[in-house]
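Visitor: Okay, handing you the structure first.
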Amino acid sequence: MNSTTTIVNINSDLYTKYYFYGWGRFRYSGILNKPLFAYIILCICLFTQNFSVNGANNAVISTVERVFYLNSAQSGLFLALYDLATVFSAPLVGYLGSLYSSPIFFSLNMTNLNWNNTQNSFTSNNVLFQCYNEPLHTRENTTDSICLKEDYLSIAEKNAKFLLYAGNFINGIGSVALFTIGVPYIERIFPREKAAYCQGIYFAVGTVGGALGILATGRFLLLYKKFTLRRHIPSWLTNSHPLWIGCWWLPYFIYGSLCCLMSLVVSGLPNFGIPGTLDSVSNSTTEITAVASARQQSIRQQENDFKDNTMVTTCLKKHEIEKTLCESFTDLETKNPSRLVSSSPGENNTRNGIINHGFSTDNLYNQLPITDSVASMRRHSNERPTQQETNDASLRRMCCEIWKLLKNIRCIFIIIANLFEGILLKGFLPFITKYFEYQHQLDTSTATLITGAIAFLIVIIGCPAGAYFMNKYSWTPMQCARICGIILIGSSFLFLFLIFSCPELKFQNTSCTSMNTPCCNQIYYPVCDIVNPHQMFLSPCHFGCINQTIINNNNNTIVYSSCHCAKNIIVSETACRFRKIPCKMIFALTLLGATLLVFFTAFVQVQMLQVLLHSVPISYQNMALALRQYIVRVLGQTSGPLLFGYVFDQACLVWLTDCYARRTCKVYDNRRMGLSMALSGFSIRFMSGIACSIVYIKWKSI
């Protein structure tokens, strides 16, 4: 725990309540009260949260589309609502977190995750329905397209999509405590020199949790929905079949149960401080510590000067020392006004982007002789009002800082670069799984496994590699801007690998089948000619078949005959063959390009952060980080899934519509999909690189 927070006298009951692990009157001592234990529990909570939110949501997106009859833009909205909710809830949670005990909000955070994950798992029982009868169990005739009657439709089924959206939005509202309150909590329980290091590990653990969540959730998709026994599933229905729906709800139930357990554990953590007094205690003790240190330094300097001048080994008298310490720190501003002026964003003009700390308030004690005593400092602290400025003055100051940052060219363009990277990160990663699934005919579980493996390995390698090279070659912030521009512009051409496409599933389309389509737009049940399996039809209904015959009860083999479009052709679902990765060379190029893209995205994160921090004076860094986070969240991470979802929808060939007018895409034009993905990704990444190049040019011109 930070030593500066222990010098204040605290009531014994309050100390037990806020510095010991437990609940109410039940408090425990020992290892449970150690800051390290609290830190480990907090890391586990963030790992679990990202495991569920950034892992499960991205992994099941294509399965959720089939279950809830969503198009890609609507599934993108499902992902974007989480980030949008955090924008509104973060300020409120951050404000309340300073007034109440932090572990309370951590517990509410995990409880909210438990509730929403459990809701998602139970929602599946209400929405796994079709407009026609269940094709594997109760379906009597797949040649008809008769909808269920209105009186069979429940309210839950009608509002299933709303429940899905509302659940993820509420999930975002209640999941910000670990980010907003967790950071100052870590800074409070560790010394200042260790806090930054621990915070870096904290966020790294969360990132790894998201990558592992994608990997783990993909394994659940190998199970069929609702734990259907294998003997009740037709032998031809495998996880690579288009009609396969994985057990997407089970990981939500498991993760929700884990969140429930963690909410109980984290609720008993010590707060390591009395809520509402942490800021004042910290500021006061920091000032006292700094002044005491300055006093000791002044005494040592006076002793050295006295020895050099007199060459005698006598000590200074106490009243002489006190005489030199009579000047108050608050009087220095009037005596040395020029040395207390902090630079504005536009004045930080060094060629290599290194801030001149001689004009920074962080070195204030090194610039001026501080000779005030501890008692004097406490007296002045007590004379100051409880609030240094009114709310209106604080608002005006905040607006003034934002306005100055908006006039800082380097700050604005590096934020723009982060904005475009946020669009790619939240849009490209979820839909690359769907791209592999439809472009290369992979099952959802395998596509998710590939995406999760790429994300996990790159997180482990990419970010540390970027930090390593920056430290090894001592890149200045200006050089970091140049490196970012080169890497981002160069890697934008990797998106062009997506232009190479693999043919989609080819369904026979004749004038006869086109006439049947309006009557069969609620059925997607691929069947093939038993003589020529390459002839594939969307369903027996599309082919005009009126008779169906079960020829094998063991594996539910059904043949369809008396088809209007070709009377002598007999079709069956068992005759279809779905080949994985039909274009191996194109798949290898796509996999290589996706891996390099994610690697370079992670590689430049540390450099972009350094550019932002050194583009503004130290006093403006917190505001610059907050401005970047807000812009990236609102404009980047919420628009990314919507943009790439819209791109997918434009490439759809076959829409499946249900009785509620919901529709989901079953067949895509792979060539158009690849071209749209390539151009969208190339344009966004190229503009990100241009923004970093502008920062470098602006810096170099100084």
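Please read every residue number as a count from 1 along the shown chain.
In case you wondered, yes, glycine gets a Cβ from its N, Cα and C as well.
TrEMBL entries are annotated by machine, without manual review.
Here the structure is a predicted model, which means the values were calculated and not measured.
According to TrEMBL, the protein has these features:
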TRANSMEM  36-56  transmembrane segment
TRANSMEM  77-100  transmembrane segment
TRANSMEM  162-181  transmembrane segment
TRANSMEM  201-223  transmembrane segment
TRANSMEM  243-266  transmembrane segment
TRANSMEM  411-429  transmembrane segment
TRANSMEM  449-469  transmembrane segment
TRANSMEM  481-500  transmembrane segment
DOMAIN    506-567  domain 'Kazal-like'
TRANSMEM  585-604  transmembrane segment
TRANSMEM  643-661  transmembrane segment
TRANSMEM  673-697  transmembrane segment
Visitor: Counting only pairs 6 or more apart in sequence, are there at least 3 Cβ pairs under 8 Å between the transmembrane segment (243-266) and the transmembrane segment (36-56)?
Guide: yes
Visitor: From the DSSP assignment alone, can you count helix, strand and coil residues within the domain 'Kazal-like' (506-567)?
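Guide: DSSP classes over the domain 'Kazal-like' (506-567) add up to 10 helix, 21 strand, 31 coil.
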Visitor: Most CB pairs under 8 Å with the transmembrane segment (481-500): which of 36-56, 162-181, 449-469, 643-661, 673-697?
Guide: 673-697
Visitor: Could you check whether the transmembrane segment (162-181) packs against the transmembrane segment (36-56) - three or more CB pairs closer than 8 Å, residues at least 6 apart in sequence?
Guide: yes
Visitor: Do at least three C-beta pairs under 8 angstroms join the transmembrane segment (643-661) to the transmembrane segment (449-469), pairs 6 or more apart in sequence?
Guide: no
Visitor: Any chance you could find the range in 36-56, 449-469, 585-604 with the most Cβ pairs under 8 Å to the transmembrane segment (411-429)?
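Guide: Looking at each of 36-56, 449-469, 585-604 in turn, the most contacts to the transmembrane segment (411-429) are made by 585-604.
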